[in-house]
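Per Swiss-Prot, the features are as follows:
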DOMAIN    335-370  domain 'EF-hand 1'
DOMAIN    376-411  domain 'EF-hand 2'
INTRAMEM  259-273  intramembrane segment
INTRAMEM  628-642  intramembrane segment
REGION    1-37  region 'Disordered'
TOPO_DOM  1-82  topological domain 'Cytoplasmic'
TOPO_DOM  162-176  topological domain 'Cytoplasmic'
TOPO_DOM  318-446  topological domain 'Cytoplasmic'
TOPO_DOM  502-510  topological domain 'Cytoplasmic'
TOPO_DOM  559-582  topological domain 'Cytoplasmic'
TOPO_DOM  685-742  topological domain 'Cytoplasmic'
TRANSMEM  83-103  transmembrane segment
TRANSMEM  141-161  transmembrane segment
TRANSMEM  177-197  transmembrane segment
TRANSMEM  205-226  transmembrane segment
TRANSMEM  227-247  transmembrane segment
TRANSMEM  297-317  transmembrane segment
TRANSMEM  447-467  transmembrane segment
TRANSMEM  481-501  transmembrane segment
TRANSMEM  511-531  transmembrane segment
TRANSMEM  541-558  transmembrane segment
TRANSMEM  583-603  transmembrane segment
TRANSMEM  664-684  transmembrane segment
Amino acid sequence: MSEAEAPLITEEAAERGLASSGSRRLSDGAGGQGSRKYRRRSDALAYGDRYQKAAALVDLAEDGVGIPEDVLNDTRFGRAMSFYFVYLRLDWLWSLNLFALILLNFLEKPLWCRKDALQAYDQRDLYFLGQLPYFSKTESLIYEGLTLVILVMDIFCPLSYEGLNIFWRSTTNKLKIVLLFILACDILVFAFSSQPFRLAPYIRVVFLIMTIRELRMCAITLAGLIGTYLNVLALSLLFLLFASWLAYVTFEDTPQGKTIFSSYGVTLYQMFVLFTTSNNPDVWVHAYKIPRWYSLFFIVYVLLGVYFLTNLILAVIYDSFKEQFAKQLVQVDSIRKNILQKAFDLIDTNNRGYLDREQCISLLNELNKYRSLPKTSREDFELIFAELDRSGDFKVTSEEFADLCNTIAIKFQKEPPPSYLEKFPFYHSPLCGRLKSFVRSRMFEYIIVFVLLINLVAVIIETTLDIENSSSQETWQEVEFFLGWIYVAEMALKIFSLGFGAYWMEGQNKFDFVLTWTIFIGETLTFAFPSKLPFLSNGEWIRYLLLGRVLRLTRILLQVQRFRAFVATFFTLMSSLMPYLGIVFCVLCMYCSIGLQIFGGIVYAGNPTLEETDLFNNDYLLFNFNDYPSGMVTLFNLLVMGNWQVWMESYWQLTGTSWSLIYFVSFYLISILLLLNLIVAFVLEAFFAEMELEKGEEVDIQNPTSGGIKKRRSMRVRSKGTMVDILLHHMLSNELDGSQNS
């Protein structure tokens, strides 16, 4: 660090009661001897020696925490990083506020019924509204005001560590400020007047996309392929126009033409719906009744449109998608490389361009605080150094240093925080040692699996007796209550043996923790107050949670060789798919807000036009756009393409204008033809890529030669240490190489 930072660090160290600067500094080649130990990365970056700072930066880089490059090169780097970590520690608040913003869309009173409060509260059945409560105008303003204040803090907090110049260079920050201003104005207008239109529901979703990095990357990627998508859409439109004209001319004087293809516009609409196969074969039944060979026209149309053109569109779009997505990954990798280069420069104080053995060993020693590296001797550290020194000249260059960090991220887990019980002597007694060893053993796992199997049998029997209204049901409910205590004991033993930090690091344990406490508290209240709490006295909801607990049996599949790859691939794919599913959710939110503002309130009991629609005939009245929850469910039905033309044609009749078709057609083009097809293609390629990685691991295990290790390491050299990143980099290896070469 530069000398300009010394007074600042000394002042803050005195305030926090830290050791003097003499204990913080490390002499060259000392490898951390005599320096103060920091368990937190923020303290290490602000007050640590150069090895401690470098180790904290390496850990940040491998965790995917992106620090602006200008902040890395700032002379007041230590102070900036202390503010940066304060901002990161408040991430739970920023995330909770984003959730609150989206939740507000579901709890807001629909704009179309604000003039008459009775419509929303006392006549829910008349308008087929949902069961969620609505905020009053005052409650909405208070809620929006609180979320706005937190949003302002979230947006402007980066000023503390970036500074005004760096902050204002970011296009994302500028856009956030503009949207924040528009949102504040919208709230003010809403406070003093009742307008039928608001921008706030849309801006909330945009903030969600811009704040979550994965969603932002997906949105930028999709924006980059708009040009390609419009080109293939133009080709599809030409095909549809020509096929519709051919159908209109061919069936002009037939019953098909007189009933279904009565005009070119109607023919175009029907052929578009047939392109989605939603009205097949209803649309050409009349033509099929006269000469059967007329069916050839529609068969050829479906084959060309659905099985050729649609797949061609998917292939072109997915190829462009991979190129755009590779560009985003290159940017993420660039941030990681910049952080690692900063760590390299901190150690290479003499600007030699390489690190020697002593420096690498000192860094590995400091990394023990963040990664569960082997607690071994200096000789073992030298073996790690020798493995990474590919040139054999006892010098590690910046490129080899990146391989070092990548290997650490892949091979070693995060070091969990020590248990709070470590300070008590009894925790280190022989009896506690045997108990902890038993909890960590496979025998303990087998016992829990056996209890789960008993639980499954008990749930099945209790459910069967409930259906038969048998009095023996109460006995099995008591059995389930007893099993609940066993799960609580299991959770307590694991936390005691591992420590809560190590216990919470595993996703399976998080699932068990939440589920166990929810079921246990619910069962306890049900047995303690069977009549005072009507909601809890109904055991149905607890039974569903008990069935959820049986999902832990999927752990057994991981022990079977033939199933392990498939189960592991499933969980990896679920993690990698979350950003894309999040984008689909955001699109649904946008279209739901639009649907509420243009279709809200037109579906109600007693509407004479409604009774003439297929919406009424099919008993789809609950699937409407009268409030946000109902609109989201309706859009989900449209997303799965289940009779989606029913809503399109019904709202065409209800509004009396064909302009309403734009809403449904655009939703199909964006959500289904683009997003869902991309997700399907992504899942297919990701599955094959993950299977290749699994086979590669098996080969390396069976043939642990240096060549096999080198091949495996080179396959993951770009990754950030997580399975999702490894998978993405393997999938897009060709595109990434092309982006870097260009």
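Glycine is no exception: its Cβ is also placed from the backbone N, Cα and C atoms.
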| query | Do you know the DSSP helix, strand and coil residue counts for the topological domain 'Cytoplasmic' (162-176)? | reply | 14 helix, 0 strand, 1 coil
| note | Here the stretch out of 83-103, 141-161, 227-247, 447-467, 481-501 with the most C-beta pairs under 8 Å to the transmembrane segment (297-317) is 227-247
| query | What are the helix, strand and coil residue counts for the domain 'EF-hand 1' (335-370) according to DSSP? | reply | 24 helix, 1 strand, 11 coil
| note | Across the topological domain 'Cytoplasmic' (502-510), DSSP yields 7 helix, 0 strand, 2 coil
| note | Ranking 83-103, 205-226, 447-467, 481-501 by Cβ pairs under 8 Å to the transmembrane segment (583-603) puts first 205-226
